[in-house]
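Chemist: Please find one structure pasted underneath; my questions will follow.
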Amino acid sequence: MTATSPAFFSPQEIAAEGLKPEEYAEIVRRLGRHPNKAELGMFGVMWSEHCCYKNSRPLLKQFPTEGPRILVGPGENAGVVDLGDGLQLAFKIESHNHPSAVEPFQGAATGVGGILRDIFTMGARPIALLNSLRFGSLEDAKTQRLFQGVVAGISHYGNCVGVPTVGGEVYFDPAYSGNPLVNVMALGLMETQEIVKSGASGLGNPVLYVGSTTGRDGMGGASFASAELSDQSIDDRPAVQVGDPFLEKSLIEACLEAFKTGAVVAAQDMGAAGITCSTSEMAAKGGVGIELDLDKIPARETGMVPYEYLLSESQERMLFVAHKGREQELIDIFHRWGLQAVVAGTVIAEPIVRILFQGGVAAEIPAEALAENTPLYNRELLAEPPEYARQAWEWTPDSLPACTTAGIEIQGGQQSWNDILLTLLDTPTIASKNWVYRQYDHQVQNNTVILPGGADAAVIRLRPLEEIPNLKSKIPNLKLGVAATVDCNPRYVYLHPYEGAKAVVAEAARNLSCVGAEPLAVTDNLNFGSPEKPIGYWQLAEACRGLAEGCRELATPVTGGNVSLYNETLDSQGIPQPIYPTPVVGMVGLIPDITKICGQGWQASGDVIYLLGLPLASKISLGASEYLATIHNTVAGKPPLVDFDLERRVQKVCREGIRNGWIRSAHDSAEGGVAIALAECCIAGNLGAEINLEIAPMQNRVDEMLFAEGGARILVSVTSAQQAIWESYLQEHLGQQWQILGTVGNFETGLGVFTTDNQILIKVSIEDMSDRYSHAIARRIATNTAVS
């Protein structure tokens, strides 16, 4: 049997599938004939950047992927790490950027559903979700609509499916005005004897289709996700999938039950490219072929043709390879959970994907041509940094107005440091994200140890809901926990992709260390503009180089992730405007004892406040800072350089201090610098602080000391009873890289920052700080709603 070959496709038809003319020529060469419509669509989605990483794959080879705890690295549905005691953690991050731009609710909701399937396809029960979100200015009505829709979609799916959303980050910047980013990370605890892989095997083994029915929703979603957005993208709403979280909940339980029978040889969820991707990837990974009959596929719409079946991205669907003779056992399980389950195909020896329809062959393509031997572009890297970066690096603080202990003159008016602190706390990127968190069910499953916003990373207790075969003890260690975080400062990466990406890894590890967790491994989500433009490719290549170095330096191997390119929006003149390069790092860490962790809020009056890392007298530039962008409307300079030796020592000291019971609170200095970190500790603990700084006017600007970022800095508080042993430990392990800042006060104290000669730099009440910080987002949304 062979597929039929119609006449040539027009250049427009080829381009509509996301293929270049030279790629179409390569398809014809490989097939020895012209493809038919269904085959053209299959190549279009599988050769899209979203599926085959044709521009990024050469760069990803730099990433470290091996380590003593790595059980599954890149190439499977999710990475898996060994937590000890027989426990294994699956985790992964994925993007749903383009769908969320045109249909924010369903785009975000199905992003949650898709990443959950990646987790339970491995044989792991999902235990937590995090998200990393980017939007334009929150003053803009369109941004507010996208923001509210995305948050509603995430909360709807996560809440209904019963998986807690335990943390994340939200940034606002005009660079994302037309192209929001929605990255979702999921964690799962392995429940099966063996990790479920995706490579098909066993000639003659049946191929099962399970889950929901197939419709026309999500048609060509992978190709849609690999193109720039424009005003016409709203017409691509059919490319956005529609999810059913209640059906997914049943699918989770049915799949885990099925895996435990031992009857499943391999499994693959139907995400991007649907049936096309699942059949071709399973066949290619197993070195076999799959023959699938579309007439067996449960359809929710009539009159569907092979092209539609093969490219549909209808949600909550899976493909299994079962042991021959045990298929009915699996079908019965899925029927009991109210789900579809049919034998739709067979594993064959010939390494092809053969699609049958109405008694004929609808498509026949070598599996490797679709899933492994895909196009690869080794693009030329710019010989030197682009002009925008070189100009930005020329910035110096000399261009800023002079400042004193009283404040700084901005646009003809004097602003006190109180004014500037409150302005920064009111900035949506820095402000509390409680407007977001309160819409999420973050305590379902009852294993969330710290509520979102209460610490620098999420902490989840590892309490198996089902018996785990590999447990060394039948009585699980209920003190064992994991921490997780998602991080990226895109302004850093825009201004210096290499140094900025290193800083992303360092901050993620620092956030884990602030709750007492040992960083273990990374999953990354690379969100960039077009790699076909020299600047876009330079940003991508340099960021990958920085991520690779950061992960090697901090011994956090990469277990997999996602690449989302072509994040650009056509402006009114039709010129593509790219987002800031945004390599989001999702990192997980191990907590031996969840009774020994830290939040970021002060714990008791009289505790001593320390700054770990570079002392405030150290010269750190304001370049790339939130202060420079918000207060001076300037995006320039270089991000803080990362000293990995100092990072390792500071983070280890923080973790040991927490485990020994010396440290009572910990919070890293990030956006907004030490002043914002101090304010956040006051707000979280509802306790003030009195800080004394030694100001050397000839050496340091006041704003540099207060608002500069970087320096591997962590604020910790220690009870005075532990002060002597703690300082002895600090002296031994950090030398001079720490200082005492002051003491924790009470609520009435507020935040007071003084010079050693008693000049007041900052004196502001907790009530004022909390009002700005806690209501910044809600206030903007309410104002816009009232106006409209």
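Cβ atoms here come from the backbone N, Cα and C positions, even for glycine.
According to Swiss-Prot, the active site annotation covers His50. Feature annotation from Swiss-Prot assigns active site, proton acceptor to His96; the stated evidence is sequence analysis. Residues annotated as ATP binding site in Swiss-Prot, with sequence analysis given as evidence: Tyr53, Lys92, Asp524, Gly561. Annotation source Swiss-Prot lists Mg(2+) 1 binding site at Glu94, Asn562, citing sequence analysis. The substrate binding site feature in Swiss-Prot is assigned to Ser95, His96, Asn97, His98, Arg117, Gln241, Glu313, Ser314, Gln315, Ser564; the stated evidence is sequence analysis.
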Chemist: Return the single residue from the binding-site residues list (Glu94, Glu313) that has the minimum number of other CB atoms within 10 Å.
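Modeler: Counting other Cβ atoms within 10 Å of each of the binding-site residues Glu94, Glu313, the minimum falls on Glu94.
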Chemist: Of all the binding-site residues given, Asn97, Gln315, which has the fewest Cβ neighbours within 10 Å once its own Cβ is left out?
Modeler: Asn97
Chemist: Over all pairs in Ser95, His96, Asn97, His98, Arg117, Gln241, Glu313, Ser314, Gln315, Ser564, the listed substrate binding residues, work out the largest Cα-Cα distance in Å.
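Modeler: Max Cα-Cα spread across the substrate binders: 20 Å.
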Chemist: What residues, ordered by sequence, lie under 8 A Cβ-to-Cβ from Lys92 (ATP binding site) and sit at least six positions away in the same chain?
Modeler: Asn77, Ala78, Gly79, Ile115, Asp118, Ile119, Met185, Ala186, Thr523, Thr559, Gly560, Gly561, Asn562, Gly586
Chemist: Give me the CA-CA distance between Glu313 (substrate binding site) and the residue listed as 'active site, proton acceptor', in Å, as a whole number.
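Modeler: Cα to Cα, Glu313 (substrate binding site) and the residue listed as 'active site, proton acceptor' are separated by 13 Å.
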Chemist: Can you check what DSSP calls Gly561 (ATP binding site), collapsed to helix, strand or coil?
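Modeler: For Gly561 (ATP binding site) - judged by DSSP and reduced to three states - the answer is strand.
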Chemist: Run through His50, His96, Asn97, Gln315 for me and report the recorded positions whose CA is within 10 Å of the CA of Asp524 (ATP binding site), in sequence order.
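Modeler: Near Asp524 (ATP binding site) by Cα: none of them.
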Chemist: Using a 10 Å radius around its CB, how many other CB atoms surround the residue listed as 'active site, proton acceptor'?
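Modeler: Within a 10 Å radius of the Cβ of the residue listed as 'active site, proton acceptor' lie 31 other Cβ atoms.
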Chemist: Just the number: how many Å between the Cα atoms of the residue listed as 'active site' and Arg117 (substrate binding site)?
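Modeler: A Cα-Cα distance of 17 Å.
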Chemist: Given the binding-site residues Tyr53, Arg117, Gln315, find the one whose Cα is closest in space to the Cα of Glu94 (Mg(2+) 1 binding site).
Modeler: Arg117
Chemist: If one looks at the chain holding Ser95 (substrate binding site), which residues at least 6 apart in sequence have a CB under 8 angstroms from its CB?
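Modeler: The list for Ser95 (substrate binding site) reads Gly111, Leu181, Val182, Asn183, Val184, Asn525, Asn527, Asn562, Ser564, given in order along the sequence.
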Chemist: Can you name the residues of this chain that are 6 or more positions from Tyr53 (ATP binding site) yet have a C-beta less than 8 Å from its C-beta?
Modeler: Leu60, Val563
Chemist: Write out the long-range same-chain contacts of Arg117 (substrate binding site), meaning residues 6 or more apart in sequence whose Cβ is under 8 Å from its Cβ.
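Modeler: Same-chain residues close to Arg117 (substrate binding site) (Cβ under 8 Å, separated by 6 or more) are Asn77, Glu248, Leu251, Asp269, Gly271, Glu316, Met318.
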Chemist: Note down the number of other Cβ atoms within 10 Å of the Cβ of Asn562 (Mg(2+) 1 binding site), including every protein chain shown.
Modeler: 25
